[in-house]
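Asks: Got a structure here, written out as structure tokens. Questions coming.
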Amino acid sequence: MKRSHYFIAVPLTSEAKQAISRFSGDASSSLPFRTWVHEEDYHITLAFLGDVPPGKMAPLCEAMAAVAAKSAPFSLALAGLGTFGERTAPRIFWQGVKEEAALNELRRDVYEACLSLGFSLDRRPFAPHITIARKWQGEAPFQPEALRSLPAASTVFSVPEIVLYRTNMEKTPKYETIAAFPLLGAPDGRTGEGMGQLLKLRDYISRYETDVYHYVPEFIRLKQWQWEQAKARWEAERDADGARREPGETWDFLLDKPSWWERLIGRWRRGPEPEMDEERSPAPSLSRAATLDELKWQFLDDLFELQGMPAGRL
């Protein structure tokens with residue numbers, strides 16, 4: 001059975017991808033590399049994991065969510081070109097980024113978290129780059145000096161999240177988003193910013209789609225963990241601000257969350273329920289996929305409730 005490879009990376013914005021793609025299109029006519037990377041596959045690798053057994057998926061996602069929760073969003077600037085491999089026959093042609101302390105710190109935290117989970121990682125020093133082409137196949141040796149005359153892409157882009165990708169070698173583009181983790185830290189070093197950060201989770205929750213469904217119990221536990229972390233941050237900030245919590249506030253309904261999650265896991269494990277007429281069973285029967293959709297929308301509805309807004313599905 002063919003195993004999938006996974007990695008944690010910084011994604012690029014559409015604008016940054018387009019800038020590199022335009023450069024790539026121009027450069028490919030004069031630089032005979034065998035493969036030019038698809039625009040949607042541009043990224044900055046933080047940790048290459050290789051295979052991720054099902055039992056490690058939930059701990060990995062929890063660890064990445066924790067790292068992201070304490071990291072503040074930042075910006076990067078495209079700058080410079082370079083190669084890896086032999087000087088005259090490089091195996092990688094890359095676009096660089098300007099030195100950024102926030103990126104180095106994020107990579108350090110991601111790397112250490114992955115090591116603590118037992119992943120075997122590349123020990124070489126971190127060299128942030130975006131691979132744009134592979135394998136020199138020119139008849140003449142590659143001339144590094146030629147890069148100086150190329151009009152490299154130049155733009156600044158935001159980094160609001162880190163992503164767990166899976167490699168699909170038989171597809172184009174070949175890197176598939178498995179989970180995205182929003183950077184929720186505040187610039188002053190605090191973890192989270194109360195409701196504003198909670199609402200960010202609403203914007204990202206729809207990212208947890210297709211392939212995470214293969215690890216449904218782990219996925220459900222991850223959602224429970226994220227909810228508990230967000231709730232704890234919000235309550236801590238409420239307490240720090242000296243706000244008085246009235247009985248019956250919106251947090252009260254969260255006390256039943258553990259039993260709700262357990263019921264949902266149980267329903268998923270039982271599989272599709274038999275069809276019944278409306279008189280015998282007013283509640284709709286749910287397939288496993290429908291139950292997972294319920295999970296996603298329930299999480300969204302909970303966030304809407306915390307805002308004091310009617311529940312709604314975006």
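Glycine is treated like the rest: Cβ placed from N, Cα and C.
Copied straight from Swiss-Prot:
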- His43: active site, proton donor (ACT_SITE)
- 43-46: motif 'HXTX 1' (MOTIF)
- His129: active site, proton acceptor (ACT_SITE)
- 129-132: motif 'HXTX 2' (MOTIF)
Asks: Determine, to the nearest whole angstrom, how far the Cα atom of His129 (active site, proton acceptor) is from the Cα atom of His43 (active site, proton donor).
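Replies: If we compare the Cα positions of His129 (active site, proton acceptor) and His43 (active site, proton donor), the gap is 8 Å.
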Asks: What parts of the chain pack near the motif 'HXTX 1' (43-46), using Cβ distances under 8 Å and only residues at least 6 beyond its ends?
Replies: 7-12, 76, 97, 103, 106-107, 110-111, 128-130, 162-163, 165, 175
Asks: Give the sequence-ordered list of residues that share a chain with His43 (active site, proton donor), lie 6 or more positions from it, and have CB atoms under 8 Å from its CB.
Replies: Ala9, Val10, Pro11, Leu12, Ile130, Val163, Tyr165, Tyr175
Asks: State the count of C-beta atoms found within 10 angstroms of the C-beta of the residue listed as 'active site, proton acceptor', not counting that atom itself.
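Replies: So the number of other Cβ atoms within 10 Å of the residue listed as 'active site, proton acceptor' is 19.
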Asks: Over the motif 'HXTX 2' (129-132), work out the mean pLDDT and round it to an integer.
Replies: 96
Asks: Look up the residue listed as 'active site, proton donor' in the DSSP assignment and reduce it to helix, strand or coil.
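Replies: Where the residue listed as 'active site, proton donor' sits, the three-state DSSP reduction gives strand.
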